[in-house]
Amino acid sequence: MAWRRIITKVSSHERELSSLRSLLVRAYSSFPRVGVTGAVGGGGASLPRTRFQSSYVGSFARRVRDREEVNEVAHLRELIRRNDPEAVIRMFESQPSLHANASALSEYIKALVKVDRLDQSELVRTLQRGIAGVAREEETFGGLGAFRNVGKPTKDGVLGTASAPIHTISTERTHFKEQLWSTIRTIGVGFLLISGIGALIEDRGIGKGLGLHEEVQPSMDSSTKFSDVKGVDEAKAELEEIVHYLRDPKRFTRLGGKLPKGVLLVGPPGTGKTMLARAIAGEAGVPFFSCSGSEFEEMFVGVGARRVRDLFSAAKKCSPCIIFIDEIDAIGGSRNPKDQQYMKMTLNQMLVELDGFKQNEGIIVVAATNFPESLDKALVRPGRFDRHIVVPNPDVEGRRQILESHMSKVLKAEDVDLMIIARGTPGFSGADLANLVNVAALKAAMDGSKDVTMSDLEFAKDRIMMGSERKSAVISDESRKLTAFHEGGHALVAIHTEGALPVHKATIVPRGMALGMVSQLPDKDETSISRKQMLARLDVCMGGRVAEELIFGESEVTSGASSDLEQATKLARAMVTKFGMSKEVGLVAHNYDDNGKSMSTETRLLIESEVKQLLEKAYNNAKTILTVYNKELHALANALLQHETLSGKQIKELLTDLNSPLLQKRQEVVTKQSNPVPPSTPSSASSAAAAAAAAAAAAAAAAATAATKGKDMAPVS
């Protein structure tokens with residue numbers, strides 16, 4: 001038997017036997033003891049109980065127990081010498097106290113070998129399970145995995161020989177800091193490796209993923225001509241020489257002349273800057289590259305500079321050509337040391353490309369921006385964008401031409417007078433006028449009309465300038481009456497004040513955020529505003545508040561005049577601090593919005609005093625006018641309550657029909673303006689209200705007569 005050979009080998013090698021004993025004891029003692037019947041963990045197995053006694057009693061008990069074990073081991077050896085292995089087996093298995101004794105275990109194994117029952121003994125299976133558990137517990141420290149085959153014969157029938165030794169590995173205990181540092185290094189190396197692979201993949205996939213080479217394609221079919229661009233004749237004249245250069249470059253280069261490399265179009269939004277660039281390409285018949293400043297940057301660093309290089313590289317292959325960059329301030333803003341490096345890279349690449357290609361390559365760079373002051377100085381210097389062309393809002397004639405261009409695409413009625421619409425739309429850009437025509441066409445289509453009429457254009461203009469009507473808003477009669485007198489006060493002061501803008505329309509229909517509105521439009525385009533016009537605007541702003549006080553009393557004034565007071569205060573402060581229209585402050589400009597840093601306390605108080613004086617004077621002027629023309633105020637308010645909306649022409653007809661000596665009243669206004677009336681007290685307001693009530697009947701009768709006489713005074717939608 002294999003176990004018999006093991007015992008023989010162990011007997012000849014006492015040193016190996018001692019190691020095996022310690023191993024077997026550890027493995028065997030970690031499991032329940034073998035009972036008399038050979039069952040593990042049976043009822044016959046019991047562990048020695050540890051009693052917590054004094055140190056003296058404990059040491060005495062241990063000495064007694066050790067002496068008994070020595071005697072029992074000696075008895076087992078005696079039985080072996082007597083050749084009675086069965087008695088040794090019975091004694092060992094019946095006494096659990098011997099299971100932890102190495103000498104007793106050795107005698108027990110000898111007895112099993114003699115009776116040839118070692119392979120069938122419960123001890124073998126218990127040792128195999130115990131050694132496997134110990135090996136799992138000690139694997140971290142080089143454990144006992146080599147002893148998992150205990151009880152199984154090897155090639156030579158023994159656990160190990162000189163030719164087939166049992167290999168064991170012993171490792172030193174590692175410290176926590178070393179283990180942590182090793183983990184961090186592993187994670188760091190992995191992160192760097194993944195980042196490098198990702199960067200390599202992105203770098204190779206940027207061109208395909210973002211489609212740089214596919215996007216840089218010129219537009220060869222630009223059908224826009226200079227004749228399609230209206231209202232910017234001066235800008236077109238400056239761009240014509242670029243067209244001639246693109247058509248015949250040798251005409252300019254033969255004398256050594258050099259055209260600008262870059263043209264910067266500056267102006268408000270919607271004035272036709274992009275259309276001008278397309279017209280250049282259409283007139284010259286050359287390829288046209290179009291892009292936006294925001295298209296260069298992406299989430300990847302360096303993409304902007306690469307796109308700039310690809311754009312100019314494609315342009316060089318198609319020269320002569322035009323590159324148009326819209327909203328160039330997105331990449332051409334002034335550089336700041338705090339900006340990100342990738343933002344500077346794009347601008348630097350743009351600067352190099354603008355000043356890097358040869359002069360005669362036939363590439364014209366046209367850019368557009370609404371904020372030329374925000375561009376970097378290196379970008380707009382001579383040699384790059386060295387020509388600036390201003391594209392302003394069109395004047396009256398330009399607006400008429402633009403309206404004609406857009407109206408040629410819709411069905412127009414015979415009563416349409418585009419010059420009237422052009423005069424009534426100061427400050428409108430080409431895009432605003434195109435929107436006006438489109439809104440009018442949609443209105444005519446909704447109404448089922450065959451063509452676009454003048455009323456449709458007026459509706460579109462009022463909707464853009466005054467906001468959409470809110471006819472469904474529920475407003476009380478008291479609020480409508482107060483709004484009518486408020487707007488009537490504005491209109492009357494504007495009519496009877498020299499220098500005020502003509503009244504275009506008055507309405508008490510809510511539009512936008514306002515309950516009512518008086519619209520004023522100039523007869524012609526204004527390039528500057530005089531002091532008389534500004535003072536007239538202050539008077540008109542005060543007209544609504546004064547009308548409320550005269551009709552309803554100071555205790556009944558509302559918050560409806562808050563916007564008027566805000567506009568008047570801003571205008572009066574600008575007159576004092578910006579326009580030098582105050583004798584006390586002088587011809588000095590002050591920055592009033594810097595919390596007083598640019599002025600002393602005395603100067604600030606002086607400015608406030610001058611502003612208050614201007615507003616009080618405007619208040620007195622408005623009060624004088626409305627007191628004199630109180631009858632007209634009632635008539636106008638009643639007409640607004642009846643028709644809700646009146647045009648400037650209808651208001652003038654209403655006032656003309658009133659039986660009043662206008663020349664005499666104007667003379668009285670001039671006389672009373674020389675002696676301003678102070679702000680009224682509640683008693684004076686009451687008397688004014690009484691006087692107004694006395695004239696109410698006559699005014700109402702006159703308004704009714706005028707409404708009957710002029711049937712054309714229908715509400716203007």
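Glycine is treated like the rest: Cβ placed from N, Cα and C.
Keep in mind that what you see is a predicted model, and the values were worked out from it rather than measured.
The transmembrane segment annotation in Swiss-Prot falls on one of the ranges 181-201, 307-327, 349-369, 433-453, namely 181-201. Per Swiss-Prot, the candidate among ASP415, ASP417, ASP432, ASP564 that belongs to the Zn(2+) site alongside HIS486, HIS490 is ASP564. Neighbour counts of Cβ atoms within 10 Å were taken for the binding-site residues THR271, THR274; the minimum is at THR274. Most Cβ neighbours within 10 Å, among the binding-site residues GLY267, PRO268, PRO269, GLY270, GLY272: GLY272 holds that distinction in the structure as shown. In sequence order, GLU487, GLY489, GLY516, VAL518, VAL540, CYS541, GLY543, GLY544, ARG545, ALA547, GLY560, ALA561 are the same-chain residues whose CB sits within 8 A of the CB centroid of HIS486, HIS490, ASP564, the residues recorded for Zn(2+) being left out. Of all the recorded positions in the record (HIS486, GLU487, ASP564), the one with the smallest CA separation from LYS273 (ATP binding site) is ASP564. Each residue contributes its Cα atom, and for HIS490 (Zn(2+) binding site) and THR274 (ATP binding site) these two points are 41 Å apart. When the recorded positions GLU487, ASP564 are compared by the number of other C-beta atoms lying within 10 angstroms of their own C-beta, ASP564 comes out lowest. Taken residue by residue with DSSP, GLU487 (active site) is part of a helix. Take the Cα of PRO269 (ATP binding site) and measure to each of the recorded positions HIS486, GLU487, ASP564: the nearest one is ASP564. Residues within less than 8 Å, Cβ to Cβ, of HIS486 (Zn(2+) binding site) and separated from it by at least 6 positions along the same chain comprise GLY516, GLY544, ARG545, ALA547, GLU548, GLY560, ALA561.
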